[in-house]
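Colleague: Below you'll find the structure I mean.
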Amino acid sequence: MSGNTLGRLFRLTTYGESHGAGLGGVIDGCPAGIALDEAVIQRELDLRRPGGNSASTTRQEPDRVRLLSGVFEGVTTGTPIAFHVENVDQRSRDYGEIARLYRPGHADFTYDAKFGVRDYRGGGRASGRETLSRVAGGAIAQALLARHGIAVRAFTVELGGVPADLVDVAGAQQRPFFSPDPDVVEAWEDMVRTVKGEGDTLGGIVQVEATGVPAGLGEPVFDKLDAVLAYALMSVGAVKGVEVGAGFEAARMHGSDNNDPIVPSGFFTNHAGGILGGISNGETIVLRAAVKPIPSIAQEQITIDRDGKPSALFIAGRHDISAIPRIVPVLKAMTALVLADMLLMQRRMATPQP
């Protein structure tokens, strides 16, 4: 199985399955001298940990990270940084009934088509739990970016079709659902309770912003910054679409409206989302990701078994009602990983100053 590594200079390789012994990864290419310890990574992991909100699974995982290499006396050494998290609350018996059935909306059918075998326990490698390793790697990337004055944040702008106003983005991380709007939280919580009672699930939209990004990051033409960011976000299982800046709204605008006037202090507007020609322009990078509803619903569904015979399916187990809010730190991590890689690539290619 290939496709487990992201990046060219700052590289993350991940491993692990939902019901295996554990998950983890290796960061290769991180420069020496970056302040890092387990607490830095743990803070990010705690943001996506299950069981912390009304929309999340009741599976209780402490997600305690262990650094295995690449860090000494609180700083990176320039060697590969390996980390590992144990799985402790698996309940594989919940999945015995679906060993031969394909769950609609999941990767069961496609993994069987590709490999001829699959780990049906919780989705195996295709489980959302796989994103734990991305968040850990992203925490390391954020430590590198912080050294260069770059910060990444993410928050929910829509849940179940109900939008949030960007009233208090700075406080979103301390609010349920990572909401930038205190007034919408109660409506979202009510909707989650209603949908959960119906045995159904919800999708939404997450916005990611990166500030302090210098002009010049991105590698045209096939490794444009927006192309690689979209690639990274789309690699997250629940993401079905990505917008940059004005995104699809730009298709409804005139050029005179969509163009960002350039003034001595920078750009007057930011419809481009901080990227022009695949290269960062120094403005805030703005991304939005469309997150599909969790496919594990508590309703009878029509499917087939591995022999192609029709069957009915009712999914047991413990599942999220929505990937939001736990996907929010995942998308922040993926953005940070790409920016860290692009930053190192730009520094390698930069013309030496006399």
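Glycine is no exception: its Cβ is also placed from the backbone N, Cα and C atoms.
Below, the features straight out of Swiss-Prot:
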- Arg48: NADP(+) binding site (BINDING)
- Arg125, Ala126, Ser127, Gly277, Lys292, Pro293, Ile294, Pro295, Ser296, Arg318: FMN binding site (BINDING)
Colleague: Cβ neighbours within 10 Å, counted over all protein chains: which one of the binding-site residues Arg48, Arg125, Lys292 has the most?
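Modeller: Buried the deepest by this measure is Arg48.
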Colleague: Cα-Cα separation of Lys292 (FMN binding site) and Arg48 (NADP(+) binding site), in Å?
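Modeller: Just about 17 Å between their Cα atoms.
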Colleague: Secondary structure at Lys292 (FMN binding site) (DSSP, helix/strand/coil)?
Modeller: coil
Colleague: Give the three-state DSSP assignment (helix, strand or coil) for the residue listed as 'NADP(+) binding site'.
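Modeller: In the DSSP reduction, the residue listed as 'NADP(+) binding site' maps to helix.
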Colleague: Reduced to three states, what secondary structure does DSSP give Ser127 (FMN binding site)?
Modeller: coil
Colleague: Reported as an integer number of Å, what is the Cα distance between Ile294 (FMN binding site) and Arg48 (NADP(+) binding site)?
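Modeller: With distance taken Cα to Cα, Arg48 (NADP(+) binding site) is 16 Å from Ile294 (FMN binding site).
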Colleague: Can you tell me the CA-to-CA distance separating Ser127 (FMN binding site) and Arg48 (NADP(+) binding site), as a whole number of Å?
Modeller: 14
